[in-house]
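Quick look at what Swiss-Prot annotates:
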type     : residues : note
TOPO_DOM : 1-160    : topological domain 'Extracellular'
REGION   : 1-28     : region 'Disordered'
TRANSMEM : 161-181  : transmembrane segment
TOPO_DOM : 182-277  : topological domain 'Cytoplasmic'
TRANSMEM : 278-298  : transmembrane segment
TOPO_DOM : 299-310  : topological domain 'Extracellular'
TRANSMEM : 311-331  : transmembrane segment
TOPO_DOM : 332-389  : topological domain 'Cytoplasmic'
TRANSMEM : 390-410  : transmembrane segment
TOPO_DOM : 411-418  : topological domain 'Extracellular'
TRANSMEM : 419-439  : transmembrane segment
TOPO_DOM : 440-493  : topological domain 'Cytoplasmic'
TRANSMEM : 494-514  : transmembrane segment
TOPO_DOM : 515-526  : topological domain 'Extracellular'
CARBOHYD : ASN522   : N-linked glycosylation site
TRANSMEM : 527-547  : transmembrane segment
TOPO_DOM : 548-584  : topological domain 'Cytoplasmic'
Amino acid sequence: MTASITEIDSISEESNVESVSHLQHSPSFEKKGADFSISLNEKKDFASPITEEIPSPDGIATPEPETKKKLSFGARVWDLICSPGRQHDVCVAAPTQLVRSCDDYANSASTLVTNDDGTKTKVDSDEKKHKHKNVRDYIRFKHVDIGGRIFDLITRLAGTSFTFILMLIILIVWAIVGGIYRAPDNWQIVMQDGSSIQCYVSDTLLMRQQQNQHIQVLTMISQLRSRLLTTSRLLGPVLNDKTKISSVNVALMKDDVGDAEKLPTENWFDFICNYVSFMVGSIIFLVVYWIGIFIWIGFGRMLGWSDEWQLYINTAVAVELTFTSVFLQNVRHRHMKYIDRCVTSIFRIDSVIEEELRRMMGDKEPNEEITIKMDKINLGERSIDYYADLIGSGVGVVVSTCVFVAWIAIGNVMHWDSNWWLIIGTYTGLVGFLDGFVLRNVYFRESSKEATEIQTLIDEDYALYQKLDLPLPHEHITNYKSTFGGSLSQWIGWLCALPISVLFSVFVILGLIIAAGSLRFNETAQLFCNTPTMIIEGALLIVLIEAHNIANLKRRIQFRQIHLRRLTILKMLAGDNYSTTSTV
């Protein structure tokens, strides 16, 4: 089932493309009367059929004609309840260059000139100017509803360097206050509650960030494959006609996206973050973390296994959770910026290649739409996706707000004592424990899907080079080498990502609640709930950072090599006229 959501206006070649709205449930996107369309086709349940979109003569996608029964009110309510977590196929056609434009422009000699206003100008033999605007960038998604856009804005802000530095300042101030007042219990409880609430919110933002970046990467891949099909179709005949190649006059693009293995550092903060990301996500850091836990257990008998003993580890882990959760958001944000920069450069190169090939061949056939089919999932994975979708949506925000309001409301009844302070930490700690496993499971499956689709794109790249009998360039420059620590971290990550691991976390939570209930949820019971869940959640975040580092490093290298292969094709087309002095 698909439904038209919004329209996109054409923009100039040097500006960013207007973002295409992305609605999580059954969205579809078209550009009316234009060359491209983006849609997310909904897969209901596990393998239900979807309504295909077929292009009409005027370029507007229209549903396949079929008789459709109107759902009853009860059926619509049930459909709404079941909608979170549904899988969607991604259908994208890259913006076609010079399709349906004037014949004089398409057949004239190539003089790619970019004016200040971003409009390309060509002059034919009659000195008559023709202007045309082409979409150079790739099409981006954004939510169509105002609530979704605000949520996405908050998610982006949470990943910025400003937010990360602000959190570091708060931790430093808290540590100074504790030193002045000699670390009283209330000081420790404040950190535990604050950390639990912050991690609870961060889990929501991390899930939202993960979902948005996943659909964005699949959209990038689909559009790259769409344009590659056109390039492959037109490039062979052009290369066979050497007389046409000499007419290409393009001085465009230099290799300026930076090293994929060592991210480009814009300032000292980026340099430090790259190093810290490597250290925090390493197997060494994870081993040190667990050594610290066992040392704490060793002091248990000396301290009489008291509440104070539990407070110590809870406070230490709370600091680690706050740091790693905010740091993970920042790492993802910075890594995605590099990929966006690299893919933007690839798209601009691709658009120039496509435009030149179409001019030479007089071709106006639109770029083909590429559909990425979502994998079939089982009942357990569907349940996990349902919960994850609720976390990363407005529903999760509403539930969180209600819980915090209820907690504040009972404060006066409980006389604002230590037990009241611990209640919110217990709730957010238990939920955060489950969220950690859910995040890992969803990330593992989404990352695997992205890796599969990127490899499909690479295989099609290789097929083009083989078809043209060209050597693959630059493959020796950057190749990911797995280490023992990296392999061990990946294995631990895989183990934590299993659906059975998520189910295990649910049983652990139920067991802790039953045990705490037998103690009437007193201070000792709540600390007992917090301690093991916080320890495991802290370890899961370390594993998640390492998993992201490994997967993102591979992805950056792959996009980087795609960029270099596109530059090779552009240089081959331009011949001696190619220059690397211009910027992207």
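Any Cβ shown, glycine's included, is placed from N, Cα and C.
Same-chain residues lying 6+ beyond the ends of the topological domain 'Extracellular' (411-418) with a Cβ under 8 Å from its Cβ atoms: 185-186, 189, 523. Sequence-distant residue pairs (6 or more apart) of the transmembrane segment (311-331) and the transmembrane segment (390-410) include fewer than 3 whose Cβ atoms are under 8 Å, leaving the two stretches without contact. Confidence annotation: the topological domain 'Cytoplasmic' (332-389) carries a mean pLDDT of 87 in the model. Among 161-181, 278-298, 390-410, 419-439, 419-439 has the largest number of CB pairs under 8 A with the transmembrane segment (527-547).
Counting residue by residue with DSSP, the topological domain 'Extracellular' (411-418) contains 1 helix, 0 strand, 7 coil. Each residue in the topological domain 'Cytoplasmic' (332-389) gets a DSSP state, and the totals come to 41 helix, 3 strand, 14 coil. Cβ neighbours within 10 Å of the residue listed as 'N-linked glycosylation site', excluding its own Cβ and spanning all shown chains: 13. Each residue of the topological domain 'Extracellular' (299-310) gets a DSSP state, and the totals for helix, strand and coil are 4 helix, 0 strand, 8 coil.
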